[in-house]
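Annotated features in Swiss-Prot:
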type: BINDING; residues: 9, 10, 17, 88, 89, 90, 98, 123, 124, 125, 126, 127, 128, 129; note: ATP binding site
type: BINDING; residues: 9, 41, 73, 87; note: substrate binding site
type: SITE; residues: 17; note: site 'Transition state stabilizer'
């Protein structure tokens, strides 16, 4: 079975992330969403909270699995027998950075390629960073994030 992995910090998961997961789930029989610990980023939500929010957000997708990780992505890829890495790219700046990561991951995994998904046009401007900024300044992020995330933000 072809398995792909979509790694990220997902702090929080946005509708842009969800769009990429949903599109991947149509193409591939098994999609793993790997939520990175990333303590250096000073996340708004803990790893456990982020994993749970992603799980709730993808509950309608039967071929999607969600887990947290703290290891090197290349090691996670080897452990799960991954065929490809899914990455979202919004801008040329994203693409340049992701191209470097793709080359590094291909080397470290002995050949696993990265597949780049541009966002749907309506999500091209959305990022977790922007969502956090809007939220921290009292703005409404309801249209930018899945309902479980919006509810979790309201409860904070």
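Using the three backbone atoms N, Cα and C, a Cβ is placed for every residue, glycine included.
Features per Swiss-Prot, on structure.
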| residue | record | Cβ within 10 Å |
| --- | --- | --- |
| 9 | ATP binding site | 17 |
| 17 | ATP binding site | 26 |
| 41 | substrate binding site | 12 |
| 73 | substrate binding site | 20 |
| 87 | substrate binding site | 22 |
| 89 | ATP binding site | 18 |
| 98 | ATP binding site | 17 |
| 124 | ATP binding site | 13 |
| 126 | ATP binding site | 22 |
| 128 | ATP binding site | 23 |
Nearest-integer angstrom distance between the alpha carbons (Cα) of residue 126 (ATP binding site) and residue 87 (substrate binding site): 15
Residue from 41, 73, 87 whose C-alpha is spatially nearest that of residue 128 (ATP binding site), among the binding-site residues: 41
Spatial neighbour of residue 41 (substrate binding site) that is closest, considering only the binding-site residues 9, 17, 98, 124 and their CA atoms: 9
DSSP three-state assignment (helix, strand or coil) for residue 9 (ATP binding site): coil
Local backbone state of residue 87 (substrate binding site), from DSSP in three classes: strand
Rounded Cα separation (Å) that holds between residue 87 (substrate binding site) and residue 98 (ATP binding site): 8
Site extent for substrate, whole Å (max Cα pair distance, 9, 41, 73, 87): 19
